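Asks: Summarising the annotation, Swiss-Prot assigns active site, charge relay system to His452, Asp481, Ser544 and lists similarity to another entry as the type of evidence. According to Swiss-Prot, the compositional bias 'Acidic residues' annotation covers 687-699. Per Swiss-Prot, the feature compositional bias 'Basic residues' maps to 822-832. Residues or ranges marked as compositional bias 'Basic and acidic residues' by Swiss-Prot: 833-842. The feature O-(5'-phospho-RNA)-tyrosine is assigned by Swiss-Prot to Tyr662, with similarity to another entry given as support. Look at Swiss-Prot and you will find 687-708, 822-842 tagged as region 'Disordered'. Taken from Swiss-Prot, the feature transmembrane segment applies to 153-173, 231-251, 257-277, 304-324, 337-357.
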Amino acid sequence: MNVYDKVLQFGSKKARARGMALNKLSRNRLEDIYAGSGPLVFGFGPIDMVDPGSLNPSIKTLDTVYVAAVQPDNQYVVHHFVPGRNEWVETDASTHQPTALVGVLVQDHKAKTREVEDLKSQLSQLRMEHEILRHEYERLKLKSPIVKPFKPLKVLLFSLLLGLLFAGVTNGARTGTCYAYDEEKDTCLYWEWKDSREVAWYDSYVTEALAIYNRACVYVRSKEFMTYLSLVFQTVFNWYFCATALAVYYMARAENPIVMFVTLALATLSQFQLLAVAVLPLLDFSATMGLWLSMVVFYMSQQISILVSFCVLVLSVMIGTFMADSEYAMMIKGHAVVFAIVCYSHVAMILNIPPWVVSLTMVCYRLWRVCFVFPAERLEIRSADGKVLHTVPTHPNWTAKVTRFVQSLRKGLRTSVAPTARIVPDGIAIVEAREGVGTCFRVKNNLVTSKHVVGSDDAVKIRWGAQEDMARVTYRHPTKDIALMALPTNLQTMPAYKFAKAITDGPIVMTAFDEANLLLVAVTEGVRVEDHMTYSVATRNGMSGAPITTVDGRVIAVHQTNTGFTGGAVIFVPEDIPEVRKISKREQELEDRVKQLEGMLNMDQAYVDSNLIVDLVREAVQREMKVLRTELANLGGFSQKKKGKNKSTKRKRKAVWTEEEYKAMLEKGFTRDQLRIMADAIRDQYYDDEDEQSEEEAGYPDWSDPGDSTDIENEWFGYEQSWKELEPAKSGVVVNTLPKDLVFKYSLDNYPISKQDIQAVAKELKIYEKAISDIISTSVSTDGKWKDDVDAQKILQELDGLWWGINHTLWEHGLMPFTQRRKRVQQPKKLQRGPEDPGPEECKLDYWEQLVEPSKEKFLVPPEYPLLGVVPLDRPISDFDAPVDNLLALLPEPESPDLGFEPAVWGPEAYVKSFEKFDFADPDPNIEKNYPREWAFANLVLHREFDFLADSVVKDITATSKNSESTPGFPKTYWWKTEAEYLAKRGYADYVSEWNRIRGGARPNVLWYLFLKKEILKSTKVRDADIRQIICSDPIFARIGCCFEEDQNERMKRRTKTRMPQCGWSPFFGGFNDRIQRLVAKGNPYWIEFDWTRYDGTIPSQIFKHIKNFRFSMLAKEYQTPELRNMYHWYVDNILRRYVCMPSGEITIQHKGNPSGQVSTTMDNNLVNVFLQAFEYAYLHPEKSMDELRKDWESYDSLIYGDDRLTTSPSVPNDYVTRVVAMYKDIFGMWVKPEKVKVSHSPVGLSFCGFVITHQDGQYLPVPAEEAKLLASLLRPTKKLENMDALYGKLLCYRILNHNLPNDNKFRNYILVALEVMARHYSSRGEEPPFYVTESMLDKLWRGGPKFDYG
């Protein structure tokens, strides 16, 4: 099995050989069961089987093979082979000491090996990061300014060079007349100086310049033009000016300009001039020295200079033979260039070639070389295997060291933009321990921080804002630097982080406190290395334990290291939080004893040679294991039964409640039968057989080798299971089965049928299938319910009879009945997929048009709507799932099971009916023109109510916020389930490209996906298939809308206290009372509760378009450009004229209403609501002027949320209800039911947002308006709850909602009793409820601060 098992081979050799032989026959293999485990131990032991040779069924004990080992999780596991089933089955048996101890050591060795590999990987990663950071530090390090010291030699050389250059330029000479001349001595005997000096260069240049100017004006096309042009070149390429500029430049910028000064001086004296400077990049050090020597000799004798340069060239050829090829080639090339320019200068002197011609020649040569020849700047010296040994430059410009200052001009370029991220600023707290300070955050009901922060403390101090409390350390992770603390009661309102679905490389966010309690946020790139996350952040003390989150705010790791600049974190996943289980006193004592034993073992192992491990196992722990076995045998729960004690005993009925509790529950209204049912449910769920048996449980024997292997073989291979026991038995009890599950229960589609089955009973199988199909089709409707005239019990009895008959037929033919066969697991249907790698074309908004195919048959599209075609989409259409939550059995039964509400279920007809919300009445075709007074007043109120939207901004599409866990729409649903997956794969590239494409003039048609909403509805609506439809657009289209409207939406959410719209409000902490008091302060005599029916579906298009135009007009002027205006009009047009895709793939068009899936549905409904209220007030008061309407509106106020409205008005007509219902129908085509309009003189009794207003103790407090709907969502939910904690939390939410109800309210009392019952359930499990709230806490939650004595 593994190297340890091959060497040690614990147990019986016979059992090992037999076990290996049986392993080949087994359906599951030991290689899979004990993969990665330590050494195995084989042995023989008994197993109880049915005796096949007895007429009456009896139990016979056989010998079988037992195998045991320690698995990777350090669990000692035992399996034995079960004949007949041919399978290794896990069981219990006594522990084989050597196997257990060696196995633990093996697993510990593997864990240490993995840890070492992890540390090596981390070390390698840290070394790489250190090198990168060191390089970055050197690049970014601010260099101190260099103060060049004063060098007299440099200044002296520069002065001499300038004097030499100006001396040559000025050509100054004094003139005079010689009156006596000695021809023999060639000397003037008498010379008379003139009084003035002539400046040769000044006069000649001025004269030549004037001559050139005059001749150019007169003779621009003459032959003499080229002559004057040559004079211009002579001026431009003058050596003295070039040399002077070069000297000044090197004097100002170069660190050591002496080399250049010497070259310029020698070039001036020797008349080499520009030649000497031009060839410097081609010369190495020896060639440069040769050039200087040649120029010095050239000044004295040109012929000797040629000879000297040639000798130096020959000498370098001979001496350089010992050098490397690359260096030798560069040196020879440099000296050859020196010899060439010496010869060239001599020829230029003889032919009297002007210096400017030489300069022009050199400039042309360099220009030609730059433009047409690209010589290599470096040579790579490689070995025979291609490895680069070193690199040498082809132009050894050793003087380039003087121009190193150019490198300071290099700047780093920004190559990326940090993404925007979501943080939870109040989601972290400060943890203070004896060993230091850190940061912690909440996950579920735990506070999480680094293990090194809490150290060895059992309790630490937590500071969250102004609140301080002590938290108990409950868990320290064994391998990760993570510690968990219990959440204190005072911190229950602290926001909790959620886990990320995937942890990948990319942008991460760190939110932490430093040691000065300052909130710090960092966004950077993170790289995952196995169980760690590495990143570069300037971390500080106190940041340990901070959450590392994605840009969506989901936690992925816990910050743990602080090196001053680099940061590291340990990955944090849900599996790192242990399951909480209360440890009994007996288990704690046993655990302490085992730890004591392990400590003794570790002490002994420090002195043992690794080669003597077997002796260590046998000798070192033999005494301690005997003591431990004796103690375990003396414990009642762990003691073994004596051999033969196999009779089971009847369990004792355990009392659930005390007598006082039982009487108290009777007084609360429970009947005795209800309490008996609840007690049985508690016993069935939490009954522990081990604790209730009156006799000792049977154990398994120690390992032993049987004496005769022949007996074992006879027992094994002569065994057959008794066929009589497999005979199907006909049950007299009919199990109540839901009609929608009949096919799954009685059909044979999910059972394996062999060839032998078909040969034996093919006719019977065919008859059975036909009978089952006929019964189900005639008894069950298409929506999965019993038909009205069907007796369900009779049908189920008939089906059970057929099921028993077909199974008994198989048994009679010697075939395995279906009741003994394993049903095939129904795999979920795979959705149709698109191309494997969608490109930018598939992600465009109008790509769906390429997938449309023609179709004429309507299925889900209503008759009056067009069918444009179908796309390849096959999604579930019907939903008859009404979940049955087993956890609800823990709750008491309500007084009335018929609540009038139930979960929405639907068939195909519900889709057709959902379109009726668009068709109530036709609005006036031109409301603005036919009602100008009302329209003008409504528009005036609209601007006044939403004046704070002025100068709103257009956001970048990558900075918008939207629920990314929503559907990506069609056709992106082919490749991604949510927009988050789409963004993770493609990023924002498609968003930006589509934005630019539409801004550039493209106008694609957007497809909306339609589905029905699963929610609690009135039973009458469910029966009438009146289900709400939701439509969602492509996420790119939705985020384009967010660009224009997200800033305005956020502004409206921040002004719920002073304005009408209440999207974003909170009724807690006095919020409900504050808003009602705001309306009461107006002092109006009239209060109106108003509600539309099918509000958003009947909004007239002209009203909706006017609201959208108003929103665009409130943007800042810089955003109201023609291209953005046209783009916004395209966005609005795609909302009003929508291409809708049904789950069947059908495509139709909707022309009315505000779709309930766009990003601003509620905000737009609020704007429309305000506009309609103002129009309504002006319409119902035709006698008032515009000034009077404005004055009345000062005392008019409302609270609105979509179509919900609570209004206080200074005046209401007598026939208000009749007139307002008619107005909305005739003018706007909207549906207002008279019973949905209530007029009152007090707000008490009216409702808003599902709350009825009450007045208690001087405050307006809310109570639930539909208690039956809330109770139905508890007892008949739309989906199952995860566990008891979720059920308790849901009950607690209802407890908060009904806090303000009267004490005799039935719904309130039911929730209180249910919470008490759940507390009993927790108590019976030895646990405490996860939450607890008091009356004073709820009073403060609803009423607010201490001014009402509730703070």
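The backbone N, Cα and C atoms fix where each Cβ goes, and this holds for glycine too.
Bear in mind that the values here come from a model prediction, so they are computed numbers and not experimental data.
Could you tell me the structural context for the features on the list?
Replies: Applying an 8 A CB threshold to same-chain residues 6+ apart, the list for His452 (active site, charge relay system) reads Glu435, Gly436, Asp481, Ser544, Gln560. According to its DSSP assignment, His452 (active site, charge relay system) is helical.
A coil conformation is recorded for Asp481 (active site, charge relay system) in the three-state DSSP classification, outside any helix or strand.
According to DSSP, Ser544 (active site, charge relay system) is assigned to coil rather than to any helix or strand. The 10 Å shell around the Cβ of Ser544 (active site, charge relay system) contains 26 further Cβ atoms across the protein chains shown.
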Asks: How many other Cβ atoms sit within 10 Å of the Cβ of Asp481 (active site, charge relay system)?
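Replies: Excluding its own Cβ, the number within 10 Å is 21.
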Asks: Checking distant contacts: for the transmembrane segment (304-324), what same-chain residues at least six beyond its ends satisfy Cβ-Cβ under 8 A?
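Replies: 270, 286, 290, 293-295, 297-298, 331-332, 335-336, 338-339, 342-343, 346.
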